Amino acid sequence: MELNTHNAEILLSAANKSHYPQDELPEIALAGRSNVGKSSFINTMLNRKNLARTSGKPGKTQLLNFFNIDDKMRFVDVPGYGYARVSKKEREKWGCMIEEYLTTRENLRAVVSLVDLRHDPSADDVQMYEFLKYYEIPVIIVATKADKIPRGKWNKHESAIKKKLNFDPSDDFILFSSVSKAGMDEAWDAILEKL
C-alpha cells in the first residue's frame, strides 16, 4: 500500500461504539502508559510536529482519538493507562472503553503497544500484552525513547523487556526514537504488513 503520510488529520474522538467511524478502513491502535511517548510516536510516524498533542500532563487523552491517514487507514490513540492521579472510577471507565474497542472493533488490524526502553515494563504493560495475546489481537511492541540509552545497552534493555512481558518471538519488537527517528521505517513495515 502506498501511503502519503503527510495527508493525515485527526478525524474524531469517541467515547463509545456509537461514535466510531462507520466504514471499512483498517485501524491500528496505539496503547501504552501515560507519558510513554504515544503522541510523539504518532507525530514522528506522520512527519508532523503536533498533529497529536504531546502533553506534559499524563492522563490527558481520555477518549479514543481517530487519525485519518491518506483516507486509507487510521491510527487510533487509546487513553494512556497507569496514571495514578486519575480516580479509580475514571480508570475503570477508561478500561471499559478500551476493552470495548479492542474486543469488538472489526476494523482493528493490530495494536502497537508502546513501552519505555529505559524501564522494565509495568504491571499494566504486562497486563495489556497478556490481554492482546489472550484475544489473539496482533501486537507490535515499540520500545520508545531509545535515544535516551547508549546504543551499546539497547540489547540488554530489550532482553529485560522481553523477559518481563514473556514476549512471543513471533511478534514484532521495534526500538524507536522520536528524536533520531530510529525504528520509524521498521515500525511502518510492521504496521503495513498487518493491514
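Note: Cβ is positioned from N, Cα and C throughout, glycine not excepted.
As the structure is a computational prediction, the values presented were derived from the model and not from experiment.
Summarising the annotation, Swiss-Prot assigns GTP binding site to 32-39, 59-63, 77-80, 144-147, 176-178 and lists sequence analysis as the type of evidence. Note: Leu63 (GTP binding site) has non-local neighbours Ser13, Ala14, Ala15, Pro79, Met97, i.e. same-chain residues 6+ apart with C-beta under 8 A of its own C-beta.
Ser39 (Mg(2+) binding site) falls within a helix when secondary structure is assigned with DSSP. When other Cβ atoms within 10 Å of the Cβ of Ser39 (Mg(2+) binding site) are tallied across all protein chains shown, the result is 22. Annotation comment: Swiss-Prot describes Ser39, Thr61 as Mg(2+) binding site.
Annotation source Swiss-Prot lists domain 'EngB-type G' at 24-195, citing sequence analysis.
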Original post:
Any idea what the Cα distance is from Gly32 (GTP binding site) over to Ser39 (Mg(2+) binding site), rounded to a whole Å?
Top reply: 11
Subject >> Count of other CB atoms lying within 10 Å of the CB belonging to Gly32 (GTP binding site) >> reply: 26
Subject >> Listed binding-site residues (Lys38, Lys145), ranked by Cβ neighbours within 10 Å, top entry >> reply: Lys38
Original post:
Averaged over the domain 'EngB-type G' (24-195), what pLDDT does the prediction give?
Top reply: 91
**OP:** Using C-alpha atoms only, work out the spacing between Phe176 (GTP binding site) and Ser39 (Mg(2+) binding site) and round it to an integer in Å.
**Re:** 13
Original post:
Counting every protein chain present, what is the number of Cβ atoms, excluding its own, within 10 Å of the Cβ of Pro79 (GTP binding site)?
Top reply: 23
